[in-house]
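Trainee: Shown below is the structure under consideration.
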């Protein structure tokens, strides 16, 4: 078994790991080994590079770990999907490319936790800006020279996007021009991680492309981290597998775990760091009994509220195989056309109750009726809203099943375990129906296909949610930051009770953010990269941001149509 030595070893070349690899190797005197269990991000594979093909990677295992949950007790005991990215780019290689940073109050709320005072929104905003190049240029809220290409909505988009945003406004909710700017709350255009040439802007493209030629960075693909090695309480290296061969590497400074909210706690537990009782079940020598490793697991759950479209303007024809070669050719040659968009070009965030301090419901609008993973396409022109709650009080866990690094862990999100979950999902369905009833959609709106117009009572809505709600693919919080008894890392990602070991990815969020997780994960890695390098944090950006302060969630007086009596 060969052993080589580096300053830093990074386990996982995903949304966070690629940021760290790039930033740390800006110092030519620092050496980094980046380990990735998957393969390269093949630039000629349309499945990962074409934005419109986003469903394809979830349908196989080349780019997807394809985890599955244990039977979810509140979801008809369904085993539910938990897709995570595999390959350079991690989940940024297979996600929906929605660039959503979260609400300012997410971060202000984090900062109220002991030891996390420097995680306010104004502390985080400089790192969002540092990571971003927005196609319309920088401003107080956006960057213009970062590795992540962000594309904004353009003229000529599908008319259903504008109609759905207008319908939300007609229902009495705010309009916002920038879901990542002054005000997240409301309906408006959605930014996307797509390059100016119409390609997916994964962190492999944005970050690793500028770093992979550096002599102080070694990238090893098809390398599955097996265990973190320890010298007493100090992380000293990593053993990993390449096929049937085992290798090890020594870290002079630190081991950085960036394997995501499922695999990071799995790797820690396999290495002897986690709840002592769980480790004893598998006869794993305990390095540190750290009870929070794998606990506090959170996700976003969502539903598809689907309608028939009376006019032939949806993407339904693009689902037919005979139309796809033309779409693919235009995208391949010009980077334009239907293939160059993820087709999540509008959405929004609302509060369903006036006493909600910031939005608790997210919308993605889509001009076709189909599941996120490409299944269950409705055979007609249609459109839908993906809608789900943002900060469920339900908590799950990731638990090691086996010492075999190839074995998937036991995953239980414990979806819909709390009464608030059910209230929010009922509210969301009823609010969506009210939005869809507005005049802006009159020319397009046909029959309600799902849940169906006859599904009205609380009991009927709950039955629909149990049977049909799906993951939004946002697992997080399983190695949370903080200083309480269940915290795993401190405010800089350093694992409590150990030396030379950090976790840097979505697993360290203490509470899930309001929206998609790719942008916040990149920000977290940018912020902690400065800590690792011993650099002063970027100066806070003193800009205003919207706070509801008890304002009405919806201006009923301005609503064009009132809700039907149920």
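A Cβ is built for glycine as well, from the same backbone N, Cα and C atoms used for every other residue.
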Trainee: Match it up for me: which of 162-182, 183-203, 204-224, 225-245 does Swiss-Prot list as region 'Disordered'?
Mentor: 183-203
Trainee: Can you check which residue among the binding-site residues 7, 27 has the largest number of Cβ atoms within 10 Å of its own?
Mentor: 7
Trainee: Let's check the environment of residue 474 (active site, proton acceptor): how many other CB atoms sit within 10 Å of its CB?
Mentor: 24
Trainee: How far is it from residue 23 (FAD binding site) to residue 474 (active site, proton acceptor), counting Cα to Cα, in Å?
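Mentor: Answer for this pair: 25 Å between alpha carbons.
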Trainee: Using a 10 angstroms cut-off on Cβ to Cβ distances, just flag whichever of 11, 19, 35 is the loneliest among these binding-site residues.
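Mentor: Comparing Cβ neighbours within 10 Å for the binding-site residues 11, 19, 35, 35 has the fewest.
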Trainee: Would you count the other CB atoms within 10 A of the CB of residue 23 (FAD binding site), including those on all shown protein chains?
Mentor: 23
Trainee: Tell me, if you would, which residue among 15, 31 (binding-site residues) has the fewest other CB atoms within 10 Å in the structure shown?
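Mentor: The binding-site residues 15, 31 were compared, and 31 has the fewest Cβ atoms within 10 Å.
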Trainee: Per DSSP, what is the helix/strand/coil residue tally across the region 'Disordered' (183-203)?
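Mentor: Counting residues by DSSP class gives 1 helix, 7 strand, 13 coil.
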